[in-house]
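Here is the structure we will look at, set down as structure tokens.
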């Protein structure tokens, strides 16, 4: 596995929150990692400035502390106590240029652990505003023509465009309503099957099952099945609704064999395979209680449950049937059980090759017993006397 690094950082805008204070502003960054995954993170300007100060302390030469002419780390103005919305808007251009310059620095800086840790997803980045908040956060997006050319150094992030196949009525303030035919840009594809999208000045979460790519009905980013399976644990009970789904109780262990982007993964429980909501699963060995607290809504609807679907494509999506999953899974399990059985070593195994080599080596010849005359000529006087007495 290669080293972890960031390919690109793009500023999307800022969010004005009214909890805990009126002046709580967070900037939204879209971070593209080495595996092409894109994550949205939120950072306050004071946090960014503290990160900047630590970075300068770590690299004093590149920060110009010794010789100002050697400075390559970009400048960042200190925050003011009463920065309001106008200041937040002004900071956007500064932060866009700052992030672009960071990505163009030598790898010892642009890929240092301090920078990577700062832009990793935190638990707060995943928290959605609750419906009982008296005043919702206000989101201000960067204009598309307001991006600095400095971000072109590593290549800009192009958001994918999808089309709504049916009407969707939002069920919470953090979601976004859709009408059939609406075209949206996808900012983040969550494994839960809820995607964060934007349409003009609106932003919100949408079930992936209500969206289709413009160029093909198939989702090209869906990975291939992995019949070896990954161990997961159910963190919330679920009762199957469709015949191709699996019911699980909280705490039951399963193997995930296909991670689909619509949030409905194919799992294996003993020899049974079927669909299960990914947001109710957690990798084995990880903190279950924290994952349970992050469940803010129900599982997204499946495509098969959506009524009045209108697709622009002539053919439907290519999907493996449950029979295909079951056959391939059984075949893999049988092969794994055969390999696990103890038995004679195969002809090509290293142990058998070593045994064959030992058998093929010629044994050393036993030398003949010397004659009595030869012994008398070459032995000592005491040996001669013993031989004479024996005769």
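Each Cβ is built from the backbone N, Cα and C atoms, and glycine gets one as well.
Remote same-chain residues near the compositional bias 'Basic residues' (310-319) are listed as 163, 165-166, 180-181, 212, 214, 216-219, 303 (criterion: CB distance under 8 Å, separation of at least six residues from the stretch ends). According to Swiss-Prot, the compositional bias 'Basic residues' annotation covers 310-319.
Positions annotated as domain 'PX' by Swiss-Prot, on the basis of sequence analysis: 1-126.
With DSSP classes pooled into helix, strand and coil, the tally for the domain 'SH3 2' (227-286) is 3 helix, 29 strand, 28 coil. The domain 'SH3 2' feature in Swiss-Prot is assigned to 227-286; the stated evidence is sequence analysis.
Residue 304 (phosphoserine) carries a helical DSSP state (H, G or I). When other Cβ atoms within 10 Å of the Cβ of residue 304 (phosphoserine) are tallied across all protein chains shown, the result is 12. According to Swiss-Prot, the phosphoserine annotation covers 304 (among others).
Around residue 305 (phosphoserine), a 10 Å sphere centred on its CB holds 10 further CB atoms from the protein chains shown. What Swiss-Prot records for 305 (among others) is phosphoserine.
Look at residue 321 (phosphoserine): DSSP puts it in coil. What Swiss-Prot lists as phosphoserine is 321 (among others), and the listing cites similarity to another entry.
Under the DSSP three-state reduction, residue 329 (phosphoserine) is assigned to helix. For residue 329 (phosphoserine), the same-chain residues that are 6 or more apart in sequence and have a Cβ closer than 8 Å to its Cβ are 227, 257, 268, 271, 273. Residues or ranges marked as phosphoserine by Swiss-Prot: 329 (among others).
Under the heading phosphoserine, Swiss-Prot lists 346 (among others).
The feature phosphoserine is assigned by Swiss-Prot to 349 (among others), with similarity to another entry given as support.
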Query = For residue 321 (phosphoserine), which residues of its chain lie six or more apart in sequence with Cβ-Cβ distance below 8 Å?
reply = none
